[in-house]
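Here the structure comes first, spelled out in structure tokens, and everything after it is commentary.
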Amino acid sequence: MFNRSMLLPPPPNDWASATRVFGARSFSIDYKNNCFEKDGKPFQYISGSMHYSRVPHYYWKDRLQKMYMAGLNAIQTYVPWNFHEEQQGVYNFSGHRDLEHFLDLANQTGLLVILRPGPYICAEWEMGGLPAWLLQKPNIVLRSADTDYLGAVNSWMAVLLPKMKRWLYTNGGNIISVQVENEYGSYYACDYNYMRHLRTLFQLFLGENTVLFTTDGNTDKEMTCGSLEGMYATIDFGTGERRISQAFSRQRRFEPRGPLVNSEFYTGWLDHWGDQHAEVDTQKVSTMLGEMLSMGASVNMYMFEGGTNFGYWNGADHDNRFRSVVTSYDYNAPLSEAGDPTEKLLTIQDTIRKFREIPEGPMPPASSKMAYGFVTLTMVGELNRLLDTLCPQGPVKSQYPLSFEEMKQFYGFMLYRTKLPRDLPENTALISPLNGVRDRAYVSVNGVFQGILERDVTLVMNITGKQGDQIDVLVENMGRVNFGSKINDRKASLHSKQTDILWDWLIFPLNIDEAIASGWPQSGMRRSTPTPIRGPSTGPVFYQGTLAPNGLAWDTFLRLTDWTKGQVWINGVNLGRYWPKRGPQQTLYVPGPLLSPTQPNNITVLELEGAPPHTRVVFLDRPQLSSTANLCCKQHMVKSPPRKQGWSSVFRKAEDNVMVLTVLMWFI
């Protein structure tokens, strides 16, 4: 039998007294009574997911307090490996990456922690949290007992896990359990040697008594490949599961005794560009949560606070086509992207109140919002005319285009430049067969924008020109695949052994973020910065402007009405991607502390296709995450030829072509 005392953590800032009351701190699985045991007593957790990497560190405490006041006694968080080791051997645990500070704030708030350190995490995060530098090994097999992969994993865990050991509940901290890998049963490798290695590694650094667990989807295949003796097998499912008892019966086939656990109970869902905004019915979430809690199950709600994929951190899916995840990770969660309590939170709180005492006191309020109004931007210049600023070290010369990974440019953009080998007086097909563009290519001839090649969407475009004309191909990494068999998602790897190809490339790895973070273009201190010009242009172009201070630095939402697609920086911080034309997301979240209440706030926009004539942006006091006019429609369907048609048909159908230029992009 479960009672409310099983759900109560020690009050905030009172861990010492908890130790005195219960004696030696302990957390374990009670197989006899089918529950967790904490300090010698039965324990059931009600948890919610929050990813510290998606919430600015100055808002961590606010979000944690709201989760605690909602009635949770635990939180669950991922540790993205690539967030802390972007460059191999260089570790960053400061600022927004200060994981131990996050754990400490949770501890002070009175929340236990369920830690999910990977090494793979999925999470709709870039490459599922795996660092892209792993792909510099051409034959590496990710998430397996591959020697190169395990060597990198060993080095990372030797840094991370010792930091985590002192935060274990049994050592005076608040981590009660640690997940090994993530939904491994959904991966094709099904490598038990890999999972055994991880189990040994985690036990080595955390101790053999630490509660290790796995999480897998609700199928026999996933549970079979994802579970392993010595790590407690848990399951995940959402409101689409009609019979809760049937789902838990699958867990029981792999864990006949012990607590029932739903490690990912989905309160919402993610969005891809071109999707409708996902919503999950509040009443269904609340009802199913109540049913699971009444069964004595421990439940983690994924997500409770979604947050934002700032910068380039969004992931992507690839089932029948590549689909990039949007910048917002609002997830239709109980706490909004901006951390505001929603009706869903209040309904969930009422459900939790039936099973445990809710902490006394008011729920912390929503953050203050401000509609700062319109700002008109001016054109700084076309990207291909700013290379001295954006790539001060100069280009790399190569007969063939090199991939992002080969260039050690793991995120963002690279520009590839070459010359036409002969005159093209008539429309000539520029082709990327084998679905080679990874992920979007913006093509110019002699500085004049010609059009776009897009992975799985547009594989052919026509160009004209003269021999010796300059071709620029700006390639955008839209985020690496984070789930499934295609996570070894190398970007813009170009190679060809065919005739009529483009050779002798200059490759510019663009360090746009560093340039903007150091004050460009507003500072005027960099080279190759033309006099700002009013008015729009087509192709990749930078724009800049300033938001005048008004004495307040409140949260706001940036809308780029009639703009097409690009990237935005505020005061040097990369907010992420915008793509209102495709949707569903229409606004970008701007945390208030990014703004200065007393100094002009710099706005920098890289528009990749075409800005509107008015070149205005507007700051609103509320988000717009859906657009019924921007559903996944016919214009977003794949434009490559049917498989039966073959590439020879494309060659024949190229309008009056005198030559077909082939840019073949694939991964060896």
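From the backbone N, Cα and C atoms, a Cβ is placed for every residue, glycine too.
TrEMBL: automatically predicted annotations, no manual curation.
For reference, TrEMBL has these:
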ACT_SITE  E183  active site, proton donor
ACT_SITE  E264  active site, nucleophile
DOMAIN    37-354  domain 'Glycoside hydrolase 35 catalytic'
DOMAIN    401-511  domain 'Beta-galactosidase 1-like first all-beta'
DOMAIN    540-598  domain 'Beta-galactosidase galactose-binding'
Suppose we draw a 10 Å sphere around the Cβ of the residue listed as 'active site, proton donor'. How many other Cβ atoms does it contain, all chains included?
22
Any idea what the Cα distance is from the residue listed as 'active site, proton donor' over to E264 (active site, nucleophile), rounded to a whole Å?
11
Around E264 (active site, nucleophile), which residues of its chain at least 6 apart sit with Cβ under 8 Å of its Cβ?
S49, T215, D236, F237, G238, N300, Y302
Determine how many residues of the domain 'Beta-galactosidase galactose-binding' (540-598) DSSP places in helix, in strand and in coil.
3 helix, 27 strand, 29 coil
